[in-house]
Amino acid sequence: MSEDMTYATLTFQDSVAAGNNQDRNNLRKRGYPAPSSIWRQAALGLLTLCVMLLIGLVTLGIMFLQMSSEINSDSDKLTQLQKIIHQQQDNISQQLSKYRNFPVEEEFLKSQISSLLKRQGQMAIKLCQELIIHTSDHKCNPCPKTWKWYQTSCYYFAVNEEKTWPNSRKNCMDKNSTLVKIDSLEEKDFLRSQPLPKFPFFWLGLSWDPSGRSWLWEDSSRPSPSLFSAYEYAQINESKGCAYFQNGNIYISRCSAEISWICEKTAALVKIEDLD
């Protein structure tokens with residue numbers, strides 16, 4: 001009796017296994033690919049797109065190196081680069097549409113694209129800087145005319161005008177900007193390096209706030225102590241009024257004094273199409 005039951009069980013298991021195999025074969029015949037096949041296709045698509053982006057990045061780097069010595073002959077190369085970037089953007093959209101049903105793969109793809117495009121943007125900024133230095137025949141203008149460009153900001157030096165701190169602040173507001181805020185020692189060095197008059201005095205966006213009894217920039221943030229020398233920091237702690245910039249140093253004066261000023265606003269994004 002037990003032998004009959006064992007034989008029946010084995011026969012049933014074999015028939016179930018055979019049925020499962022038959023079902024899988026039917027699914028394949030109907031056009032449903034195996035999971036491993038789908039993953040291989042997704043991985044291949046990701047790899048292809050990343051390679052294309054890397055090729056564009058390398059092309060951009062080569063163009064930048066060549067521009068240093070051949071700035072006047074780069075308009076055709078920049079046009080070619082613009083076409084490459086547009087093709088990459090089209091490919092990105094097409095690839096993303098294919099992986100909507102694969103969240104993990106889609107997020108990985110987006111992170112890789114974001115990283116590569118960020119590096120392309122950095123190279124585009126360098127190219128724009130070279131264009132501004134070496135030629136006037138270009139469309140790359142992240143700042144208005146008469147403004148200076150540094151990193152992500154534009155600066156306006158009111159050299160031939162003098163106003164009180166409140167009126168200087170208003171003038172900057174009329175230009176959709178603020179009195180300059182110094183965020184780093186590098187920015188401080190940039191301001192000091194500008195070709196300015198022999199005795200330049202420029203208002204900064206730093207003033208004493210009597211209500212909070214502290215020094216504040218126009219965005220209500222407090223200045224970092226690392227921006228000041230020991231002398232500057234001691235002067236600020238002992239004084240009240242408005243801050244001005246002279247020969248690379250920060251001083252304090254009464255806000256009613258009339259001197260020049262510096263406005264600052266965010267620079268426009270550098271676009272590839274602006275480089276031709």
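The backbone N, Cα and C atoms fix where each Cβ goes, glycine too.
According to Swiss-Prot, the cysteine that forms a disulfide bond with C172, out of C50, C263, is C263. According to Swiss-Prot, the cysteine that forms a disulfide bond with C242, out of C154, C255, is C255. A C-beta separation below 8 Å, combined with a sequence spacing of at least six in one chain, links C172 (disulfide bond) to Y156, T178, L179, G205, W261, C263, E264.
Annotated pair N176 (N-linked glycosylation site) and N237 (N-linked glycosylation site), C-alpha to C-alpha distance, rounded: 31 Å. Secondary structure at C255 (disulfide bond), taken from DSSP and collapsed to helix, strand or coil, is coil.
Distance from the CA of C255 (disulfide bond) to the CA of N91 (N-linked glycosylation site) is 56 Å.
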